[in-house]
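Per TrEMBL, the features are as follows:
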type: DOMAIN; residues: 2-343; note: domain 'Isopropylmalate dehydrogenase-like'
type: BINDING; residues: Arg91, Arg101, Arg129, Asp218; note: substrate binding site
type: SITE; residues: Tyr136; note: site 'Important for catalysis'
type: SITE; residues: Lys186; note: site 'Important for catalysis'
type: BINDING; residues: Asp218, Asp242, Asp246; note: Mg(2+) binding site
type: BINDING; residues: Gly276, Ser277, Ala278, Pro279, Asp280, Ile281, Ala282, Gly283, Gln284, Asp285, Lys286, Ala287, Asn288; note: NAD(+) binding site
Amino acid sequence: MKIAVLAGDGIGQEVTAEAVRVLKALELPSLELVDADVGGIAYKRHGHPLPPETLGTVRASDAILFGAVGDPDCDALERHLRPEQAILGLRKELGLFANLRPATVFKGLEDLTSLRPDVARSIDLLIVRELNGDVYFGEKGMRTTPGGLREGYDIMSYNEDEVRRIAHVGFRAAKAKGGRLCSVDKANVLETSQLWRDIVIEVAAEYPEVALSHMYVDNAAMQLVKDPGQFDVIVTGNLFGDILSDQASMCVGSIGLLASASLGEGSFGLYEPIHGSAPDIAGQDKANPMATILSAAMMLRHSFGEEAQAARIEAAVAKALANGVKGGDLGGNAGTREIGDAVLDNL
Ligand SMILES: NC(=O)C1=CN([C@@H]2O[C@H](COP(=O)(O)OP(=O)(O)OC[C@H]3O[C@@H](n4cnc5c(N)ncnc54)[C@H](O)[C@@H]3O)[C@@H](O)[C@H]2O)C=CC1
Ligand SMILES: CC(C)CC(=O)C(=O)O
Ligand SMILES: [Mg+2]
């Protein structure tokens, strides 16, 4: 069980340290953790946000525990040198095309979400976000219009195989979870989305037990706060999934609670909180590490088949929250380390 630990920038360092403490406390006999630089810190040390040494470490590992990348000092760099390219590069390079982002409200947090408690109580959602395509990976650049204006462009595209493989992930998840799959697109405007919808409908024929629906992304954003309980699984593209999952985090209380798994064809996976490096609170012991701790649980489940250990971590997080251990993101005053301690105490 060799895990590459890529803590990255800002609160990535702080939250990953707590997840590592939790993993070590499980005393798994074969656990091996190897640190590697990624993001802005890697750029500063090695001249690249995803140095070859880091890729080497990752390729020799069974899974990645990832913190976050992003550093305001690096925002003026050429795009290929910016910290965010590291996470995009890892996802693409390693073929991690399926990003699972569960959003479930923990018992006792129903009053602390951005929704009315009776609405929040119903949320038990999995967002399946495509991670290797869409506008994030299309041709992009700056050009000058015939009229002399500067123009930025980013090409949005999906080919049918890319849609088909993520559709299968969505259908399988929906089958396991409760039977409803909602495919979110913008087929009323975008050709990319029209193909997405056509292919999802094709794939649906293989999953007669799954109730498939389609929703435009603008409506989905609204429905997510109006009645999140209507969704079991949402399958959507890279951009829409990125946005809707940040929104879903506030339906369960905080972005500091949402974990994720990025998977490819095999057991290898990258596990990270859905949030970024949060420069506004970095280095202040204010970050909630629970999303990263829960990502470590997803890693044990998906990459190593350690269901009991994963459930143990999840139960410890739930108990810590039920005991009132809350960071500033949930209106409490527990620090990052204190939250980590509380999870450890409840393991
Ligand atoms: N996967 C990754 O590494 C990601 C990296 N980023 C990068 O992170 C940097 C900051 O981006 P933002 O748009 O500000 O998004 P962000 O997710 O870092 O922060 C958004 C807001 O949520 C708060 N927040 C985030 N995580 C929290 C936690 N664990 N506990 C308590 N509060 C938390 C922050 O303080 C901030 O107010 C940028 O450079 C961005 O590109 C953003 C998202 C994902
Ligand atoms: C920083 C971006 C590359 C990605 C992002 O916001 C995300 O994956 O949630
Ligand atoms: Mg995001």
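Placement of Cβ uses the backbone N, Cα and C atoms for every residue, glycine included.
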Look up Lys186 (site 'Important for catalysis') in the DSSP assignment and report helix, strand or coil.
coil
Neighbourhood of ligand 1 - binding-site residues from Asp246, Gly276, Ala278, Asp280, Asn288 with Cβ under 6 Å:
Gly276, Ala278, Asp280, Asn288
How many other Cβ atoms sit within 10 Å of the Cβ of Ala278 (NAD(+) binding site)?
23
Quick one: among the binding-site residues Asp218, Asp242, Asp246, Asp280, which has the most Cβ atoms sitting within 10 Å of its own Cβ?
Asp242
Quick one: give me the count of other CB atoms within 10 A of the CB of Arg101 (substrate binding site).
25
Quiz question: given the recorded positions Arg91, Arg129, Lys186, Lys286, which has the greatest number of C-beta atoms lying within 10 angstroms of its own C-beta?
Arg129
Which one is it: of the binding-site residues Gln284, Asn288, which Cβ has the fewest other Cβ atoms within 10 Å in this structure?
Gln284
Gln284 (NAD(+) binding site): which of the recorded positions Arg91, Tyr136, Asp218, Asp242, Asp246 is the nearest Cα neighbour?
Asp246
Distance, Asp246 (Mg(2+) binding site) to Ala282 (NAD(+) binding site) (CA atoms, angstrom):
19
In sequence order, those binding-site residues of Arg91, Asp242, Ala278, Ala282 whose CB lies under 6 Å from ligand 2:
Asp242
Please list the binding-site residues from Arg101, Arg129, Asp242, Lys286, Asn288 whose Cβ falls under 6 Å of any atom in ligand 3.
Asp242
